[in-house]
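Peer 1: Sharing a structure here in structure tokens format.
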């Protein structure tokens, strides 16, 4: 091995706490090490491992190939402790590192993500909680194991604050999904260390009178319709359903160029994480617009590379958090309400993109999956499993096809249908 090779890795918390002090030849050195590793000492703001802005101690959780988790110190933390003890005269010499066999390298771990413990009590209970969840993992299917790995990898990548995370959504006419009626996006990225946030919404002018409402909610701005059309169906022509800016009307022939321009902007950030909620149809729409997706992959990297195009699906993340091991995916509205996000006017592509990214940020910036699950739904995990037992008011959220606000063709006061929605695309030609 070259002398210039830099080794990075992690030590299991149990090896550092239980084994390392006892392996030292001088009992006094062992006692000093044990004192600096004490639970209440580690979380103190004066501890040498304290990080500014972090309340408590930051350790790491690694995921093994079988999906089990391990609480860990980084090699850098362990190395710093032994030099710090000697610098303060608490050990006679720089104590040796733990034996190399207990060092876990990045190649042995599927994911590594930081985890914070605010007080000694939380840290003392950490090992017990992780061991309990590891036992529950035995016998779980590959779907849940995959979702949990994705959840932790997303947390780790998000913590790096590199590249750009862009949520996208398309809406189409319910009777012909090749007719794209809307496109929305919402992004968070970092350039030169500075956070950038942008979002937008396009409506296709050519299809403005092809309105949904029978099978899928219709929530484009009413103002995009001819005034005579809005008047006939009793709609408020000033109603703005896109909640996060101004809707831009674009021609069908220009949509492809405008979406391609957005991708050019995204590439300027280096690594691009495309965020969807149940991605299959949105990726089909991108391909229909001939967006170059040759390098698109669903396999997330261990660390943020200099470039690349990766898919992140929030339906996988909420599935991991809830312990769902089946093939069914929860809709966007259900996910948002479970995360205490109050969505409005869904099935507006701009709104859907915004709420998808907001949900991503909430989960990615939270704690490790098992700890976050317990924080959100305390004492609601089914015995012997990782599945959350939702309360009645949580499991009965209205479906994603029921928007907040009246549909086109419905009386805003009574909610009763005024005219058959399916006939609107035919009737509008007579009114214009």
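Here the Cβ of each residue, glycine as well, is placed from N, Cα and C on the backbone.
Annotations in TrEMBL come from automatic prediction, not curation.
For reference, TrEMBL lists these features for the protein:
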type     : residues : note
DOMAIN   : 164-221  : domain 'Gfd2/YDR514C-like C-terminal'
DOMAIN   : 237-363  : domain 'Gfd2/YDR514C-like C-terminal'
REGION   : 370-432  : region 'Disordered'
COMPBIAS : 393-403  : compositional bias 'Acidic residues'
COMPBIAS : 422-432  : compositional bias 'Polar residues'
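For each listed feature, how buried is it and what is near it?
Peer 2: Here the domain 'Gfd2/YDR514C-like C-terminal' (164-221) has a mean pLDDT of 91 out of 100.
Break the domain 'Gfd2/YDR514C-like C-terminal' (237-363) down by DSSP state and the numbers are 56 helix, 17 strand, 54 coil.
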Peer 1: With DSSP helix as H/G/I and strand as E/B, how many residues of the domain 'Gfd2/YDR514C-like C-terminal' (164-221) fall in helix, strand and coil?
Peer 2: 3 helix, 37 strand, 18 coil
